[in-house]
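Residues or ranges marked as transmembrane segment in TrEMBL: 21-39, 45-64, 76-97, 117-135, 156-175, 195-216, 250-271.
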Amino acid sequence: MFLLKRAGYLKEMTGLELQKAKTWLPLSILLLVSNYISYKALQCLSLPTYILLSTTTIFTVPYIDSILFGAPIPPFAFKSYLLIFSGIIISVILENAHAEKSYGDRRLEQTLEPQDPVMILFLGYIFMVVHLLLYSTYEAWKAKIVPNLKFGQWDIFLYNHVLMFIVASTLSFIIEDFSDENLNDCFPSSIRKSTIVAIMYTGVGIFPILFLSTAITQKSSQYFHSTVEASSKMVIALLGMYMYSHPINVGSVSAIVIGCSGGILGAWLEGRHQQDVEGKRVLPV
């Protein structure tokens, strides 16, 4: 990012400043903890169920914002909630029905092996609820701080990743085991190269995604981008069912379509509501 800025790109990025970094540090820690807990949830839940539960941020963020900062709850939240909740109910029923088959051999930790697959799902739901609360708090808090710091999307990306890298690296060296035996266990020689390549790919892959997201927002509107983002979750969930051998049937597909439709509806209604508040409604083209 610094090289791109020096080359004349990312002109809107202000760069790192110590005082702003101190202000942003609590948000980065909150996001780091939220991400870590979400990974624990993903260890216990199937990808479609995880995606469905993650769409609930469309209404958890406004409610957390209302609780913490007294912001009014927008009217679109409850409408999208009904669809999302319907999809989640279907998904949870199917998930429990297939728990024994799908998660009998899953391990939550190397030292913890719950024998009851339903208990693993229960832990996954708890992790997901905690993640949603923390992430919603982060989003609501961020919305209050960003205007004061005059951050753009690239500034948020820069501060989050620099600060999270420092905090995560420090905690990793203090807490984790870096012995040869443990490193070989985490990175077996048979898949070491592919694992490292995958880590690099997912890291570098963030840049084109963020660049295109910024372009969509600039050329259309933030609300159109939110709708596209919500609809993409449906594709991810459907692909996840195929790639990870999740049972593909009428119930599972219906749960995804219904739940993600709630996210799309919420994003669309949010855009209409915001444009009504501003006194203008413009087609995002």
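One is the number of the first residue shown, and numbering goes on along the chain from there.
Backbone N, Cα and C define each Cβ position, glycine as well.
Contacts between the transmembrane segment (250-271) and the transmembrane segment (117-135): absent, as fewer than 3 C-beta pairs lie under 8 angstroms at sequence separation of six or more.
Across 21-39, 117-135, 195-216, stretch 117-135 shows the highest tally of CB pairs under 8 A with the transmembrane segment (45-64).
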